[in-house]
Every structure is written in C-alpha cells, then in structure tokens.
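Annotated features in TrEMBL:
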type     : residues                                                : note
ACT_SITE : A:TYR106                                                : active site
ACT_SITE : A:ASP147                                                : active site, proton donor/acceptor
ACT_SITE : A:HIS248                                                : active site, proton acceptor
BINDING  : A:ASN7, A:GLU34, A:ASP147, A:ASN149, A:ASP247, A:HIS248 : Mg(2+) binding site
DOMAIN   : A:4-248                                                 : domain 'Endonuclease/exonuclease/phosphatase'
SITE     : A:ASN149                                                : site 'Transition state stabilizer'
SITE     : A:ASP218                                                : site 'Important for catalytic activity'
SITE     : A:HIS248                                                : site 'Interaction with DNA substrate'
Amino acid sequence: MKIATYNVNGIRSRLPRLLEWLDETKPDVACLQELKCTDDIFPVGEIAGAGYGAVWHGQKGFNGVAILARGCNPEETARGLPGDPDDAHSRYLEAVVDGVTIASIYLPIGNPQPGPKFDYKIAWMERLRHHAADLYAGERPVVLAGDYNVIPQDEDTFSVRAMAGDALTQPESRAAFRTLLAAGWTDAIRARHPAGRFYTFWDYQAGAWARDAGFRIDHLLLSPAAADRLVDAGVDKATRGKEKASDHAPTWIVLR
DNA sequence: ATGGCCTGTGGGACAGGA
C-alpha cells in the first residue's frame with residue numbers, strides 16, 4: 001500500500017501535473033494540501049477519471065486539503081482539527097482507506113515570528129498533539145501525512161543560517177514536532193533513511209531548485225501498527241523539476 | 001554576495017506562501 005503526500009500549490013493550476021503524477025506513480029492514497037479552491041470547484045470529475053475516489057475540504061484562495069484513494073472512496077472520519085471551534089482554516093482531513101487511518105495535514109507556516117501567526121502555528125501543533133494521542137490510543141495503523149512546515153533537524157535544510165529566523169526552524173516548532181516522535185510516532189523517511197538529503201521543498205525564488213537549496217518539511221508520521229508495516233519511503237524529486245511544478249515534491253511510503 | 005517566483009483574486013496590485 002503506497003501512501004503519498006503532495007502539497008500541490010493550487011489544484012486547478014496543478015491538475016495536469018497531478019494527473020500525470022497519479023498515472024506514473026499510482027499511489028493507493030494521495031494526501032493533497034494547498035488546494036486553494038472552494039469545495040464546489042474541486043476537480044472531482046477529472047480525479048474520478050484518473051481512477052480515484054476523493055474527500056476534500058476546500059477554502060477560498062488558501063489552504064485546503066484532500067485525500068484520494070485509488071479504486072475506492074475514502075471513509076471520512078474527521079474534517080478540521082479538533083480543539084478550536086473558531087478555527088476556520090481548512091488544514092486537516094482524515095479518512096480510513098483499507099483499514100488504515102490517514103490524515104492530510106497542512107500545518108500553518110507561522111511567519112513572521114514572533115507574532116500571532118507563529119502563536120497560531122504552535123497552538124495548532126498542540127491541538128495536533130492531543131488529537132494524535134487519541135488516534136495513537138486506538139492502537140490501529142495511522143498515518144499522519146502532510147506539509148508540517150517544520151524542518152526537524154539542521155541536516156534537513158540546505159542552510160541553517162538562511163533559515164535561522166524562519167518559523168520552520170524555531171526551537172518551539174522543532175520541539176512540538178519532536179514531542180510527536182517522543183510520543184511514539186515514527187518519521188517514516190528517517191526510519192528508512194537515517195542520513196542524507198531528503199528535501200521535499202524548493203522555493204521558486206533565488207534559483208533554489210537549480211542550487212538544490214531545499215528543505216524537508218513534508219512528513220509521514222506512523223503509529224506503531226503502521227510503522228511495523230513500513231517497507232519503503234522516498235521523495236518523487238523529479239516531479240519538482242517539471243514545467244509548471246509545485247514548489248513541493250510528493251513524499252511517500254509503502255506499507256506491506 | 002545578492003537577488004532572482006508563483007497562485008488566487010479580480011480585473012490592479014496585493015496577500016500568502018516558506
């Protein structure tokens with residue numbers, strides 16, 4: 001079972017690339033972020049045409065998450081992250097596919113920091129910690145996949161200095177991510193590849209792609225029952241190099 | 001060494017991304 005996460009940066013602009021990637025790599029499940037569209041204009045027809053059922057949680061202009069499943073319809077189990085009824089951002093969607101609970105996460109960036117946007121990021125991560133604990137207690141296979149907007153370690157960025165003031169590398173951001181790992185969640189890429197560059201994002205600016213000036217911010221965290229089934233993990237780096245690409249590359253795992 | 005972009009909204013810049 002191949003499960004991927006892909007921040008598409010606008011699903012309508014990205015649709016040809018998305019359909020091409022689905023056809024080439026055939027993930028069983030694809031968690032998408034940054035749809036940047038409302039629910040009524042989500043391209044459900046084109047995605048069904050590619051052989052995928054879908055659930056989605058859109059928003060005008062920004063954010064937006066979806067879960068696609070090949071040959072079946074994901075069974076939605078949560079829409080929105082619990083813990084703040086006033087939070088109107090579409091950043092969390094959860095569904096069960098083939099017995100595996102899968103979340104599509106678009107975590108707040110938090111820039112500029114310090115400030116209210118950073119406070120929102122940290123509060124959101126605290127809510128995620130609580131909800132993740134509930135899922136963990138169920139002792140079922142769970143995959144928390146998405147754009148976490150956290151660079152976990154110095155080796156996950158091309159330049160520690162360039163990112164020093166950024167919300168993605170702040171000690172509070174890293175601590176909140178590390179808290180999930182300490183609670184028993186497995187960072188799938190690092191479980192399979194303890195060392196080395198596994199960047200998932202390269203900025204459109206400053207020739208970042210050409211210089212390989214990227215960082216690793218798209219993650220798949222696994223509950224123990226899912227981690228026991230992990231056989232492979234990787235990044236579809238070539239997807240980032242195509243015309244009209246998203247600034248993120250798809251990141252994936254294979255569970256047996 | 002520095003700076004370089006893209007998407008959506010809406011019909012011109014600007015917000016937001018990271």
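Using N, Cα and C of the backbone, Cβ positions are placed for all residues, glycine too.
Cβ atoms within 8 Å of the centroid of the Cβ atoms of A:ASN7, A:GLU34, A:ASP147, A:ASN149, A:ASP247, A:HIS248 (the Mg(2+) site) belong to the same-chain residues A:ASN9, A:GLN33, A:TYR106, A:PHE201, A:ILE217, A:ASP218, A:SER246, site residues excluded.
Cα proximity to the residue listed as 'active site, proton acceptor' (within 10 Å) is found for the following recorded positions from A:TYR106, A:ASN149, A:ASP218: A:ASP218. Nearest to A:ASP218 (site 'Important for catalytic activity') in space, judged by Cα atoms and limited to the recorded positions A:GLU34, A:ASP147, A:ASP247, is A:ASP147. DSSP assigns A:TYR106 (active site) to a strand segment in the three-state reduction.
Straight-line distance linking the Cα atoms of A:ASN7 (Mg(2+) binding site) and A:ASP147 (active site, proton donor/acceptor), rounded to a whole number, equals 7 Å.
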